[in-house]
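Asks: Grabbed the feature section from TrEMBL, which reads as follows:
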type	residues	note
BINDING	His106, Asp139, Asp202	Mn(2+) 2 binding site
ACT_SITE	Asp108	active site
BINDING	Asp139, Glu174, His452	Mn(2+) 1 binding site
ACT_SITE	Glu173	active site, proton acceptor
BINDING	Asp202, His235, Thr337, Arg350, Ser424, His452	substrate binding site
DOMAIN	216-373	domain 'Peptidase M20 dimerisation'
SITE	His235	site 'Important for catalytic activity'
Amino acid sequence: MSNNVESTLKPLFEEINNLKPQFIERLTKAVAIPSVSGDESLRPKVVEMAHFLKQELTNLGAQDIQLKPLGKQPPPVSTEGLELPPIVLARFGSDPAKKTVLVYGHYDVQPALLEDGWHSDPFTLVEKDSKLFGRGSTDDKGPVMGWLNSIHAHNKLGLELPVNLVCCFEGMEESGSLGLDELIAREANAYFKGVDTVCISDNYWLGTKKPVLTYGLRGCNYYQIIVNGPGADLHSGIFGGVIHEPMTDLIKVMGQLVDVDGTINIPGVNEMVAPLTEEESKLYDPIEFDVDELNLASGSKTAIYQDKKDILMHRWRYPSLSLHGIEGAFSAGGAKTVIPAKVSGKFSIRTVPDMDSDKLTQYVIDFVNKRFAELKSPNTLKCELIHDGNYWKSDPFNESFTAAAKATKLVWNIDPDFTREGGSIPITITFEEQLKTNVLLLPMGKGDDGAHSINEKLDVANYIEGVKTLSAYLHYYANA
Ligand SMILES: NCC(=O)N[C@@H](Cc1c[nH]cn1)C(=O)O
Ligand SMILES: [Zn+2]
Ligand SMILES: [Zn+2]
């Protein structure tokens with residue numbers, strides 16, 4: 001059977017090589033649309049990206065393309081009546097004799113500004129040193145285009161897809177996947193009926209040399225602490241030392257959430273973490289990774305841990321708390337002497353088995369309120385959850401992972417490592433539970449791609465070989 005698959009894949013891989021310029025062109029067009037879900041003023045661009053996908057899917061011959069509306073964005077939201085971007089659904093084939101694979105990806109991206117330190121405009125895809133630089137190149141427009149490219153290559157060759165393919169692309173992944181849980185529940189026995197497995201390409205190799213297949217993710221609970229004080233921003237020469245400043249209160253409280261060595265100081269949080277078993281402890285030993293890979297990916301020597309196992313465990317199986325920013329604070333160049341009247345501090349906690357999101361939020365709010373009360377400040381403080389998304393951990397011993405391992409070996413000539421990841425894809429567990437299928441994470445990019453960071457990139461080789469890997473996975477899975 002395998003030999004059959006490989007003889008089908010040979011001309012397909014050649015076609016993929018031939019189509020490289022068109023594939024780069026497709027990604028160039030996608031990156032040019034600044035579909036930043038976290039910036040409410042750019043919401044029309046996120047919607048434009050949904051329409052771009054609709055057009056591409058139409059050109060590729062998709063059936064039953066639907067842009068599913070999700071209604072208004074729930075609070076907290078600054079723009080009243082802001083519509084959520086639609087979910088893009090499409091299918092290729094509905095042959096009852098074939099297996100059905102649902103592929104999920106997201107068409108929204110993280111914010112990016114040239115002045116953050118990008119070498120070139122983040123929304124213009126630039127090819128340099130065999131790398132494709134641009135926001136969304138690796139997270140997640142490259143992989144989403146990867147699925148479209150695979151269909152394109154099949155079409156060009158006149159080769160039937162080996163499975164029925166259902167596409168589900170969302171535009172709010174970077175902002176909590178709002179509305180998608182409900183849509184999946186609604187469509188489980190409708191649009192998604194008959195789905196045998198789900199494949200997500202929205203994460204990265206652990207390092208830069210060895211491909212991986214991923215069977216676990218951390219969750220993410222995102223919070224804000226809003227401190228309100230004077231009626232307007234004030235002159236620090238006139239009011240400094242005379243009034244209670246919101247920013248001072250906020251920094252006092254935020255500064256106590258986490259220690260510099262990453263220890264989370266909120267009582268109850270660490271106690272929820274599942275204990276490390278001997279069996280799990282052994283899983284880290286064969287994984288290829290060292291502190292140099294971490295230094296390379298972070299562009300620094302700032303690691304808290306020097307030992308592989310410590311690094312992997314703190315990325316995969318322990319929670320972390322990160323401070324992200326302060327809305328309303330002075331942040332430009334120069335030296336403005338302002339006292340901000342209202343500031344909102346943003347932080348998130350990456351969650352792991354067996355943390356409970358509601359309990360966590362209660363612990364966070366209690367801690368923040370207690371620390372603020374100690375300040376005896378007349379300002380007001382409100383701590384709230386902006387969004388949460390669950391962690392996910394599965395058993396990688398199934399047909400889908402086996403097919404992906406074969407595909408990876410064929411394309412990269414090496415057996416993949418089986419890894420978990422510190423990032424989050426909130427919808428993974430929802431697919432598993434609602435569709436009652438397993439989910440596979442099959443990453444395209446490398447660990448040094450700089451997702452969410454400046455100068456995000458995807459190596460040309462990962463893009464093109466990634467299309468081959470996704471394609472080979474479909475063929476091996478069809479024949480499993
Ligand atoms: N490639 C996956 C990814 O980047 N996921 C985001 C999801 C998220 C969660 N809360 C806000 N965004 C991540 O930050 O892990
Ligand atoms: Zn992503
Ligand atoms: Zn992301």
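Here the Cβ of each residue, glycine as well, is placed from N, Cα and C on the backbone.
Neighbours and distances for these, please.
Replies: Other Cβ atoms within 10 Å of the Cβ of Asp202 (Mn(2+) 2 binding site), summed over all protein chains shown, number 27.
Contacts of Asp108 (active site) defined by a Cβ separation under 8 A and a same-chain sequence distance of 6+ are given as Ser35, Val36, Ser37, Val46, Met49, Pro85, Glu170, Gly171, Met172, Glu173, Glu174, Ser175, in order along the sequence.
In sequence order, Gln110, Asp139 constitute the residues six or more apart from His452 (Mn(2+) 1 binding site) in its chain with CB-CB distances below 8 Å. His452 (Mn(2+) 1 binding site) falls outside any helix or strand according to DSSP and counts as coil.
Other Cβ atoms within 10 Å of the Cβ of Glu173 (active site, proton acceptor), summed over all protein chains shown, number 25.
The secondary structure of Asp202 (Mn(2+) 2 binding site), as reduced to three states from DSSP, is coil rather than helix or strand.
A simple way to gauge crowding: the CB of His235 (substrate binding site) has 10 other CB atoms within 10 angstroms, across all the protein chains here. In the three-state DSSP classification, His235 (substrate binding site) falls within a strand.
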Asks: Do me a favour and check the Cα-Cα span between Arg350 (substrate binding site) and Asp202 (Mn(2+) 2 binding site); whole Å is fine.
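Replies: Cα of Arg350 (substrate binding site) to Cα of Asp202 (Mn(2+) 2 binding site) measures 17 Å after rounding.
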Asks: Can you give me the Cα-Cα distance between Thr337 (substrate binding site) and His106 (Mn(2+) 2 binding site) in Å, rounded to a whole number?
Replies: 41
Asks: Near ligand 3, which of the recorded positions show up if the criterion is a Cβ under 6 Å from one of its atoms? Options: Glu173, Glu174, His235, Thr337, Arg350, Ser424.
Replies: Glu174
Asks: Give me the CA-CA distance between His106 (Mn(2+) 2 binding site) and His235 (substrate binding site), in Å, as a whole number.
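Replies: Taking the Cα atoms only, His106 (Mn(2+) 2 binding site) lies 44 Å from His235 (substrate binding site).
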Asks: Over the domain 'Peptidase M20 dimerisation' (216-373), what is the model's average pLDDT?
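Replies: A mean pLDDT of 97 is what the predicted model shows over the domain 'Peptidase M20 dimerisation' (216-373).
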Asks: These are the binding-site residues: Thr337, Ser424. Which one scores highest on other Cβ atoms within 10 Å?
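Replies: Within the set of binding-site residues, the most crowded position is Ser424.
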Asks: Other than Asp139, Glu174, His452, which residues of the same chain sit close to Mn(2+) 1? List them in sequence order, counting a residue when its Cβ is within 8 Å of the Cβ centroid of the site.
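Replies: Filtered neighbour residues, in order: Val109, Gln110, Gly136, Asp140, Glu173, Ala451.
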